[in-house]
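K.L.:
Structure incoming, see below.
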Amino acid sequence: MKTWPLIWAGLAVVALVLARAVAVPDGWLWPPQAMHLPLARWISAGMAWLTDSAAIGPVTVKDLTRGFARLIEAPYEAARVLLVEGITEGRGRRATTIVPPLSWVAVTVAAVALGHYARDIWLGLIAGALMLYLAVFGQWDSAMITLASIVIAVPLGVAGGLGLGIAALHWRPFERVLSPVLDLMQTVPTFAYLVPVLVLFGFGPVAALLATVIYAMPPMVRVTLVALRGVPPEIVDFANMAGCTPGQRMRKVMLPVALPDLMVGVNQVIMLSLNMVIIASMIGAGGLGADVLESLRRLNIGGGIEAGLAITALAVVLDRLGQALATRAGGGRGAKGNWLRRHPRTVLVLAVTLISAAAGYLIPAVQDWPKEWTVTTKGFWADLMQWINVNYYDQLEALRNWTLVNLLIPVKDFLLALPWPFVLGTVALAGWALGGWRLAALTGALGLFLAATGLWEQAMITLYLCGVSVLIAMCIGVPLGIWAASGETAGKVIGAVIDTLQTLPSFVYLIPVVMLFRVGDFSAMIAVVLYALVPAVRYTAHGLRSVPEELIEAGIVSGATRGQILRKIRLPMAVPMMLLGLNQTILLALSMLVITALVGTRDLGQEVYIALTKADVGRGLVAGLSVAAIAIIADRLIGAAAKGARERLEGGA
Amino acid sequence: MTRPVKLACRHVWKLYGPHPERLVGKSPSLDEIRASGHVGAVRDVSLNIGEGEIFVIMGLSGSGKSTLVRCLSRLIEPTAGEILYDGEDLLKASPARMIEIRRHHMGMVFQHFALLPHLTVLENVAFPLEVQGMARPAREARAREVIALVGLQGREGHYPRQLSGGQQQRVGIARSLAVEPDLWFLDEPFSALDPLIRREMQEEFLRIQKQLKKTIVFITHDFDEAIRLADHIAIMKDGAVVQVASPEELVLAPADDYVRAFTAHVSRAKVITLGRIAVPGVPADVAGTLPAEARVEAVAEQVVTAGRPFAVEREGAVIGHVTPQAVIDVLIGRGG
């Protein structure tokens, strides 16, 4: 094992020489044409067959998907009627409202009541205030469109995840099939989902909703499996001894006992749904995501920031309510008495809904927040941007150029100058060093897949942008994590900040970056760093905090200074956890890279984005799978390194 | 003293590994099982458990006692053998029949209580009745009865997490008794409790059993607990039963060194009964009459204080007498 550092150093030297000094012959720099498999064409052909002529008996797949879409459309339409449109008569401008949608008053009161139910009146007030914010700043209608999608997507995602999880629990072969599929689904970037959904279900809110459900479901499946497996075996034995039928055992024992853990999954589904609903605006979801997208396309800074802040408000409301509900699950039940007494909040909300609907006929302000009361901040943001650009243009531009010239471009050139067999060999060798021949075979095979897709150049650009961003994210995140672990107050403040960062849909990160640095690799890098920072901080802090108190005490008794304790005890013990953080950072960076395609990168993300705009399933999936291949290589290599580090620590203990 | 057999098992095996069914037909030895990559959790166990007795299965952790009791209740499917409940082979019972038997004839108490955290004490105790489909008023009335039996009146509305460990296990006991089972499994019920509470719960358990006279299979790793409670003890090692005997026989005639190691430190007075040390004939100056099943420790003070012999009777017939000297001999470990 001692020889590995030497080997790596030697490889680095070879790499530098190859990149700088040697003219690499054709076919060695990038994989030759002959190697390319027409994967995209195959997938597209398969898809075309699936949509055009595939049939199960007399039912074509097309009918099936359309029927499925209609199944989802009905509840979605109901949610839209309730929150957005109301029941109207006539069409277009002459449409008259017969029954209005829920008024802003009713929805805000409902948010307050839900907050109060989930935790206390303070959470209720926060939720209510944020809803009020949406009304005051003129984002109400878009927010309600987004909310309507979430209200439908979340139950579907939760129910689907529960169903698949329970099926996998009872039927081992199914789990063995499901598990790698879930792995893949979590590494394939979000945009790649959109393409086949687009082809199968067409452009529109229903397709967007489906993509959202598919995207948000995998964590629920996993959480279901873990939560149900976590039910103590004695409790399962008890259920059997009490004479439960299998159905009773699941309904009356397993699910209620696992409920607190399941709620964690529900919260994840909520947050992922929000993230995806925003992204799915690209295939017609509408709502806040569409506002952001439009603003980005037209470089309408003010509008983008307003919509972005509205998404943030909605995200915070949903996240805090979801978390509070998860904590609350497993708590006792409320008061006794008749239905009215037991459900005071429900009664209140129903009353407010009816009264506000009635009052809305007389006083329109109760129904719709009046336009003239709306505060707009568009001008403010535009002015602010102008001011920044007028006064700090040189500094910002200098920062951008310096980074491009000294960091981004050299790394990019270096990676693009490496011959592909060398890269492939290095990846396989790393697999062998960290996890033996099995891992070497896996990483080598995935590398070969990348070579065969014909997207080698884009893959290397992805690697470069991701690598630089992750490096910077770690350089910022690790010290922040150390700081957060150093004291109570610092931990709380940083924890609150990264909690908020994590609730924001990835789209939102693009807005300030584009404002300040225009489009290009530098902007993409900053957005990725911001988005991928969270796990670096969180895992570092968690790793440092979970070092056993005994070891710290042993250090103190030995007379170590604070710095020595950090360097010689805490950090080495935290290495496995920090490696997991690095792993998460890379995965987040890759998923964000695809979204930064909107600001004009030239990597695999762009490839997916182009495929999306052209509805080219083959191209989109191949590029998506390529990103997944990079993600899996990184994930397995770092996972093996973390495992090795942990074993060394535990073996020594 | 022989009771009708309530539960019996015949040549029960439970092997874990790649091909347990193939191996079990050969009645393999422990070494053969290990050599073939299997684990012998239960090996060729045959037991007779009499109606109304407390039958203790004793063994250290990993000896297979927990697996055995789960085989007896068919929570785990044995690899081979028969489990006879009132003569019916449970291993041949259909799932529906098994549910039926468990709903009406079996109760089980668990080491870590296995209470449902989302239900109150009352709902927990009523749960087995709810599963049977009993209406709410009837099941709650029955639940209140058993809650009173274990002394938890007034806590019906509490949730398990609001109770101490001892109280939680009382709920577990009440719940297992709610369906009036005639077979009562207790899987290390007091092991998770503090020593003082454990003692108290053992007393409580004996009091309840005196009242209800269930057929009990009681698992423990604590030899003192075993001899305190048991009518019969089966000692397990490496999945096999080493010896089945009354506590007295175990102490006086251990089958092998393994059993001897357990019994060596046990105070004789705790297990030896008056019937064992009684000598024939009844002197004229007896101070009273004592039952033959009484353990020496329990009556020692009475006999020694009286300073005179006591008559000993079994099932109403006098079988002899004990002298204070004989009692003292047992107490100080001489003879016996």
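Our numbering is plain: 1 for the first residue shown, then up by one each step along the chain.
For all residues, glycine too, the Cβ spot is worked out from N, Cα and C.
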K.L.:
Pick from A:98-115, A:404-421: which range does TrEMBL record as transmembrane segment?
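P.N.:
Feature transmembrane segment in TrEMBL: residues A:98-115.
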K.L.:
Report, as numbers and ranges, which residues of the same chain sit near the transmembrane segment (A:147-171): CB under 8 Å and 6 or more residues beyond its ends.
P.N.:
72, 75-76, 79-80, 82-84, 178-179, 205, 208-209, 212-213, 216-225, 228-229, 250, 262, 265-266, 269-270, 272-274, 276-277, 280, 285, 287, 314, 318
K.L.:
Which sequence positions outside the transmembrane segment (A:269-289), separated from its termini by at least 6 residues, show Cβ-Cβ distances below 8 Å to it?
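P.N.:
Answer is 139, 142-146, 149-150, 153-154, 157-158, 161, 190-191, 194, 197-198, 203-205, 207-209, 211-213, 215-217, 219-220, 307, 310-311, 314-315, 318-319, 322, 503, 505-508, 595, 612.
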K.L.:
Per the 3+ Cβ pairs under 8 Å rule, pairs at least 6 apart in sequence, do the transmembrane segment (A:98-115) and the transmembrane segment (A:346-363) touch?
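P.N.:
The transmembrane segment (A:346-363) and the transmembrane segment (A:98-115): touching, yes.
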K.L.:
Are there at least 3 C-beta pairs under 8 angstroms linking the transmembrane segment (A:121-140) and the transmembrane segment (A:301-318), leaving out pairs fewer than 6 apart in sequence?
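P.N.:
Counting Cβ pairs under 8 Å (6 or more apart in sequence), the transmembrane segment (A:301-318) reaches the transmembrane segment (A:121-140), since there are 3 or more.
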K.L.:
Hey, which bits of the same chain come close to the transmembrane segment (A:346-363), Cβ under 8 Å, at least six residues off its ends?
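P.N.:
Here the qualifying positions are 99-100, 102-103, 105-106, 109-110, 113, 340.
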K.L.:
Other than its close neighbours in sequence, what residues sit by the transmembrane segment (A:121-140), given a CB gap under 8 Å and a spacing of at least six beyond its ends?
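P.N.:
For the transmembrane segment (A:121-140), the nonlocal Cβ contacts are 104, 107-109, 111-115, 288, 291, 306-307, 309-310, 313-314, 316-317, 320-321, 324, 368-369, 371, 373-377.
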